[in-house]
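Engineer: This is the structure I have questions about; it appears just below.
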Amino acid sequence: MEQVTLTSDGTSSVFAENTVREVCNINYWGMRYYNVDEKGDIFVCPDPDKPQNRVSLAALAEKVQREQGAHLPTLFCFPQIIQHRLRSINQAFKRAREDFGYEGNYFLVYPIKVNQHRRIVESLISSGQPLGLEAGSKAELMAVLAHAGITQTVIVCNGYKDREYVRFALMGEKLGHKVYLVIEKLSEIQLVLEEAAKLNVKPRLGVRARLASQGSGKWQSSGGEKSKFGLSASQVLSLVQMLKEHECLDCLQLLHFHLGSQLGNIRDVATGVRESARFYVELHKLGVNIQCFDVGGGLGVDYEGNRTQSDCSVNYGLNEYADTVVWGIGQACREHGLPHPTIITESGRGVTAHHAVLVSNVIGVERYKFETLAAPAKDAPSVLHSMWETWVDIQSSREKRSLRSWIHESQFDLSDVHNQYNVGLLNLEQRAWAEQLYLNICHEVGQLFNEKHRSHRTIIDELQERFADKLYVNFSLFQSLPDAWGIDQLFPVCPISNLNQPVSRRAVLLDITCDSDGTIDHYIDGDGITTTMPMPHYEEDNPPLLGFFMVGAYQEILGNMHNLFGDTSTVDVLVHEQDKAYIVDYDEGNTVADMLEYVYLDPKKLLDRYREQIEHSNLPASEAIQFLNELEVGLNGYTYLEDE
């Protein structure tokens, strides 16, 4: 029988006969980029087509600390994963076009808002794969124009636009790029036509249609009729009429729509493609020669590894996604005898999510201790005797029908203890005794629950959460995993070693910010999500390093500087042989001085003020010099906790 037990040192353990590897689902969310070796260590294989080229994350963390003098937390980035993702997406659409006889081309356009860092864009451009770039603001467009280089590149310009934005885009067209200005609101068309006339250039226009269809999940509001962007059906007709009046209907060449980010259900994709294909058909009837069909983003990744349509998972694979898009558009074209347009996808998350993993150390562990207690004194308050009677009953009875009643009775008594303590009827020692006995009761009863009994599941979760180790991790949730805080997104998190060991402990992770929101609330646990993280056995004074996986999309860009914790150190790694990792780029994380300057505090002036205070103190000269030196070193140090 599969039991839910509490170990001898007091922590709850579900799936005790399963290994951490099995319950953390790395076989699924790892996508062959991450897996566990025979020693139980997580390794990274940046190119799954070359499985012999891999390296242990633990060894990599040790290497970067030894060779670069880096401190944890450190973000490890693998450009080869990005390039493999790009190839995989291109290959999936190539195969789908061949299977369905689709006559148009396919083009992946990377929306740089997902991660604008130089290393990402350069890795994509240097991959040798066909690639376009998408910008959603003036600043992004400036970056895209520079990265586009001297070769002809497809550039898609989304977002709201002013005159300068439009002019920069048209300049890109004159420089030889295919720049599509996607009309998000009708007022933009006048700006485009005016600036195009000034520059004597024919603009390439796109239109974003606001669909009735929308995806489900955390990002569903970015699609559908209530979407922030896009034109309604009547506005699309108005746009067509305006272009006819200006005799430039042939400028409208691209149809764009967006169902929402991280689409979990493939049926939502099929529904959206079907509706947007109707726009394509109707626009052709109006004389608009649409050449490009931009289905936007939405290609999801399986953060949970359970292959469902939940918010942080997907019930489809890359090939099924490509099949759905290609077949849906191709079917509409065949039915109406229309040309097959070039299909564009803006799959940023699907390209970048897997390439980055944050590795950090645990700087403190808090565990519940279970102690042997003596019976209360005869003259002790009755509530203490009541709790003791429950304890004695558990030791002698062991009747499973009493499991819940024992928990409930002890909870009621403990509440009574707190009330009596608050009014002075119990002293501190009596309160401490009662709280410890309550822990012992929960520990003892917890061994008798069976996880297979559905009726036990809720109380099992409560006990696991109550007795979980608290791991204080050297990172800022707000800086490194902002979506975990802001929208409760789940990311795969687990130790990077000993994953071949059975689950023997549970843990919750807390960051080092002075904010109670700085905790991770949900963790992968087999086919489900729980509020505690499965852990192998570890010594309290030697906790394992932890890996936060699939943080390559949005997290670096959205991260904020709560408590003035800055960017972590970043390492770009190439793997070309087994256990051979090459560090090709290392960027030190923000220093304390960097973060102070962000809030307009001049480190030099701060140092002058330290010096002034020290000079007016009564410190001995040697100590004064030491203090000033240490403060200066501190200004130039890492914002995260450093080893001695």
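Heads up, the Cβ atoms here are built off N, Cα and C, so glycines get one too.
What Swiss-Prot records for this protein is below:
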- Phe293, Asp294, Val295, Gly296, Gly297, Gly298, Leu299, Gly300, Val301, Asp302, Tyr303: substrate binding site (BINDING)
- Lys113: N6-(pyridoxal phosphate)lysine (MOD_RES)
Engineer: About how far apart, in whole Å, are the alpha carbons (Cα) of Gly297 (substrate binding site) and Lys113 (N6-(pyridoxal phosphate)lysine)?
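Structural biologist: One finds 12 Å between the Cα atoms of these residues.
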Engineer: Determine the minimum-neighbour residue: among Gly297, Val301, listed as binding-site residues, which Cβ has the fewest other Cβ atoms within 10 angstroms?
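Structural biologist: It is Val301 that, of the binding-site residues Gly297, Val301, has the fewest other Cβ atoms within 10 Å.
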Engineer: Sort out for me which one of Phe293, Tyr303 has the most neighbouring CB atoms within 10 A, since those are the binding-site residues we care about.
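Structural biologist: Neighbour-count leader: Phe293.
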Engineer: Between the Cα atoms of Val301 (substrate binding site) and Lys113 (N6-(pyridoxal phosphate)lysine), what distance do you get, rounded to the nearest Å?
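Structural biologist: Per the Cα atoms, Val301 (substrate binding site) and Lys113 (N6-(pyridoxal phosphate)lysine) stand 17 Å apart.
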Engineer: Taking DSSP as the reference, which of helix, strand or coil describes Lys113 (N6-(pyridoxal phosphate)lysine)?
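Structural biologist: It is helical.
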Engineer: Measuring Cα to Cα, how far is Leu299 (substrate binding site) from Lys113 (N6-(pyridoxal phosphate)lysine) in Å?
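Structural biologist: Rounded to the nearest whole number, the Cα-Cα distance is 15 Å.
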Engineer: Whole-number Å only: compute the distance from the Cα of Val295 (substrate binding site) to the Cα of Lys113 (N6-(pyridoxal phosphate)lysine).
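Structural biologist: That comes out at 17 Å between the alpha carbons.
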Engineer: Taking the Cβ of Lys113 (N6-(pyridoxal phosphate)lysine) as the centre, count every other Cβ atom within 10 Å, in any protein chain shown.
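Structural biologist: Total other Cβ atoms inside 10 Å, all chains included: 20.
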